[in-house]
Amino acid sequence: MTSNILPDAITPREPRGDMTTEPKPDKPSLRLHYLDGLRGLTALYILFFHLWCDLSFKPQLRLAGEPMPTWLQAATAWAGYGLFSVGIFMVLSGYCLMLPVVRSDGRLRGGVTGYLKRRAWRILPPYFAALGLSLLVIALVGAGSGQSLGYMWDKAMNGFTWEGVLAHLLLVHNWSEAQASTISAPLWSVATEWQIYFLFPALLLPLWRRIGIAAAVAVGFGVGLAPVVLFDGWLAWAAPWYVGFFALGMAAAVWEFAPGRGLVKLTTSQLKLTSGSLWLLIVLAATARSFGLLAVPQPVFHLLIALATPCLLMYCTRLSLEGRGGTSVVMRLLESPPVLALGAFSYSLYLVHAPLQGVSWLLVDKLPVTADVQLLLFAPLTVVLSLLCARGFYLWAERPFVQMQSSTKVKRMDQHSDVPFQTRVQEVAAGAAVGWIPAVAFGAQVRRAVYRKLLARVGDGTAISTSVEFLNARRIELGKRVRIDSNVRLDARGHNNRIVIADEATLASGVVLQTLQGGSIEVGEQAYIGPYSCLSGPGTLSIGRDCLIAAHAEICGAPRLEADPAQPGTTAPGIVIEDDCWIGHDVTIVAGVRIGRGSIVGAGAVVTGDIPAYAIAAGAPARVLGSYRTDTPEVAVQVAGSSGASPWRRIEAELDRTLILLESLDRDFGSLLIPVVRVKLLHNALKFIHRALGVETVTVLLAAAEKNALQVHASVGLEQEVAEGICIRNGRGIAGRIAASRQPLVVDDLSRMEIESPILRDRGLQHLAGVPLLSDGRVIGVFHIGSIARRFDMHDCRQMVTISRRLARLVESSVPLTVDLAVPRPRTQSPAFRCPALQS
């Protein structure tokens, strides 16, 4: 089991005896936000590539016949590889279309007919609208201009014939070299992708089902390369080898979600190394070619893109599923608010930017400036004009069809409501004004001040991150010290709907809370809802205090008629999750379910019925595998009389109670369930310490032997460190120094210390005390507490050493027996901390 306090790590093991599980039904939809970011950046790069084409040094492409200046050639060389980046779209297409297939036992939802209807509804309306726009611009601008408007535009005008228009309407213009890049050059790849859509169910899927994904990839490249190889380059202008690219995207989805026999699932580190190496090789090859160091042929770039893109998709998906997207620079870029906003209309940007380049040439040519200044103005003018027009085109010609062809679930999520128009304008204006400001620029404080004017309540200390969307904000209440991460959506639209987030609760990135007709959502104090989880429904959804819900959970409440004929038409509570429950990764909870206090639901479970208190459930549908008690006679005797003791004494008694309970569970269940329960009991113990001492943070880090580092294993107050898998190098930072020196440490001023974790740095703590966790003389981890106002002294350190022995017993099974992080030469002490000499 992974060392992680969050319930992403709760994976149900095979039950013994007659505890068999039924086949799991179709999984809930998987939303990978980084895919939108990747689409957006790729479309933007292709825009830059087409600008480079018009700015290139070829004399026939110039406005006045002059070659592009040498300095401008060097400055724009990086943009000359857009032809190869089209392959990224093809791999993405294969990956996205294959994902629902591999997650639903190889079936196409709605069959082949339904699949083709969905593809047509998604692709064709914007395509035809862009085609009409291009023809209109050609008719109004190009035909009467009497001059060259640049390389892209000159080629476009060659297709202004009946034959060219008909070929574009039938999406077969890519079959003719003369017609492929006319009217609007980027449209050739839309035709190629449209034709590949038919090969997906007719050829590639049957090959995968009957022979394997390797056969589908091989045949895909064979079919794509055959006309080029056998007929002396025929169809090379249409890039038919993209059939193989599409198949590689399919292979990435299969390898990640259903590897089958013969495919070894790569670790996250292996995916990172492979993807990074391939993309670095692409950069080096492009650099060598741009500066004339090496004549790298075009097929090499196509091959590298075909291999690097699937690896990147698998790596980013793995990080998303593990809830560790924030640990990767690439993921932070792809899921940043501006990039996601760009990704939303990337298809529209790809479709309409070409005719707008001709308009930009015409506008620049009218300016009374020199040719060099025209060159400098052309690119930024085209970019701004393309982005603005593409956004408008998306709202007019793309988004309506996306919404109309969405599933029933998405339609419910986007329902219209009775939110006043003025209120909605204020919400949108607030998001546009302050939603993008980073936290380092006081964004959290500015947003809190602005949203207090909109929301029903925003408590002190609440932190709202970037790109958070509030709908019907007057029906949303946020308690004190609530943390809302980026790309969260809170939608309280509907009559008398309400969303209430209690004090110190956390909503991780990508969470969606959606109330439907007459619904309400209540999230209890110190509850945690993991990345990309979705809570929705017209009924009442109640999440209790101290609950932890892992990434990609789907909790959907709905009204249910009671069987009592005396009260017809009444509705039962949608879903109730009582206090202190743990809900694992990718869990689905349906309407009418009540999960009792302290229960644990394993990853991937589908909960269709009530679960009693302190139960451990797993499977699809979920079944109770066992339960644990917290009121054993031994525990009662152990903690008797401790209620009036000092905080440290009460903490010792609580940890003793926890250890007794752990031993009892070990006797009852053995190794089948104990790893899951051990992590939960540790978290409960840290919560008790947090409340007893009144500190801001309580954290346990454990040794990650293969990295020679400490990984945040459990925390109250720094839960984001756990979610992002923060690691501290041994000997570095505060925790690393404690482990390396085997000595306690007291920090009086954190602002003067070297801090490895940016999350800890941003927490606003002033004081911190930490001690090593020892097991049989080995350093297996670090335990530290942090505070804003409370100073720690030698007495606190002595007490922490005492309770650290008990904590070590709770976590020792999570660390290999050979691990010892201590080193013989500790780092030099900084005057910012004191290291008291204690007798252990």
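Each residue, glycine too, has its Cβ placed from N, Cα and C.
Curation does not apply to TrEMBL; its annotations are automatic.
Keep in mind that this is a model prediction, so the values were computed, not measured.
Listed in TrEMBL:
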REGION    1-25  region 'Disordered'
COMPBIAS  11-25  compositional bias 'Basic and acidic residues'
TRANSMEM  77-102  transmembrane segment
TRANSMEM  123-143  transmembrane segment
TRANSMEM  211-231  transmembrane segment
TRANSMEM  237-258  transmembrane segment
TRANSMEM  278-295  transmembrane segment
TRANSMEM  301-321  transmembrane segment
TRANSMEM  333-353  transmembrane segment
TRANSMEM  373-397  transmembrane segment
DOMAIN    677-821  domain 'GAF'
Do the transmembrane segment (278-295) and the transmembrane segment (77-102) come close, with at least three CB pairs under 8 A (pairs 6 or more apart in sequence)?
yes
Given the model, what does the mean pLDDT over the domain 'GAF' (677-821) come out as?
81
Using DSSP, break the domain 'GAF' (677-821) down into helix, strand and coil residues and give each count.
63 helix, 41 strand, 41 coil
By Cβ distance under 8 Å, which residues at least 6 away from the ends of the transmembrane segment (237-258) in the same chain are close to it?
86-87, 90-99, 101-103, 174-175, 177, 180-181, 188-189, 191-193, 196, 199-200, 204, 208, 213-214, 216-217, 219-221, 223-228, 265-266, 302, 305-307, 309-311, 313-314, 317-318
Would the transmembrane segment (373-397) and the transmembrane segment (211-231) count as touching if the test is at least 3 Cβ pairs under 8 Å, pairs 6 or more apart?
no
Would the transmembrane segment (123-143) count as touching the transmembrane segment (333-353), i.e. at least 3 C-beta pairs under 8 angstroms with sequence separation of 6+?
yes
Between the transmembrane segment (211-231) and the transmembrane segment (77-102), do 3 or more CB pairs sit under 8 angstroms, pairs being 6 or more residues apart?
no
